[in-house]
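Residues annotated as transmembrane segment in TrEMBL: 12-32, 38-58, 79-100, 120-139, 146-165, 185-208.
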Amino acid sequence: MYLSLIRKDYSIVLRNNIGLLIAQMLFILIIVSTNLGIMGYAIMAVSFGWQILMTVSAKDKMNHSMSLLLSMPFQKKTIVNARYMSVMLGFAFVSLFYIVIVEITKFFHVFLFKPLSIEVFFLTLCAYSLFASVTLPLYLKFEDSVVRGISLFSILGVTILGVLIWDNTNIRFLIDSMTWLKEYYAIICVAVIFLSITISRSVSMYFFESMEF
């Protein structure tokens, strides 16, 4: 059942849209990476996650898909869980896409993109999960236009804040000086991801149970 729901989500996102999505990701990656290095990967990942949520939510509401799904043998928790799986699977796709782009450009001796380190992977996954955890319940509760504005403001705000912190502090020195953080960052990230997704799923289920279709 999960597979059919995930397939439905991605058929909505990718239908007649694959070329445009790839072009958008490359544009974000090139523009941001030129100025901010590896942050291009992080911003591209969050943008793709937002694209999944925004597109699927809009189509579901337009086509009254939730009512149709509930008339079929799908439990509400299955529908909600599948949506989270779709979003998190998007992160895996983006990460694989980035690795392929890095290897292709490296083959042609173009070193615009930095290799993806395990530290950056976990930190980006943590940020991606937090963004999805906040945004997904909002799409269930509010109109898409409201959530779109909140999401865009959040992405821009976090990006600007990150750039300011990066430019005005020796963030690498601070991270290197916190030896305990270097040793346990993966555990911390996994804990944050698990906690944020668990809380978010509970909120989403509460919203979903209270909705009328």
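Here, residue 1 is simply the first one shown, and the rest follow in order.
Just so it is clear, glycine is given a Cβ too, placed from its N, Cα and C backbone atoms.
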Positions whose Cβ lies under 8 angstroms from the transmembrane segment (38-58), at least six residues beyond its ends: 9, 12-13, 21, 24-25, 28-32, 83, 86-87, 90-91, 93-95, 98, 113-114, 116-117, 120, 123-124, 127-128, 131-132, 135-136, 139-140, 144, 147-148, 151, 155, 159, 162-163, 166
Residues from the same chain, set at least six apart from the ends of the transmembrane segment (79-100), whose C-beta lies under 8 A from its own: 1-2, 5-6, 9-10, 25, 29, 41, 44-45, 48-49, 52-53, 56, 66, 69-70, 113, 116, 121, 124-125, 128-129, 132, 136, 197, 200-201, 204-205, 208
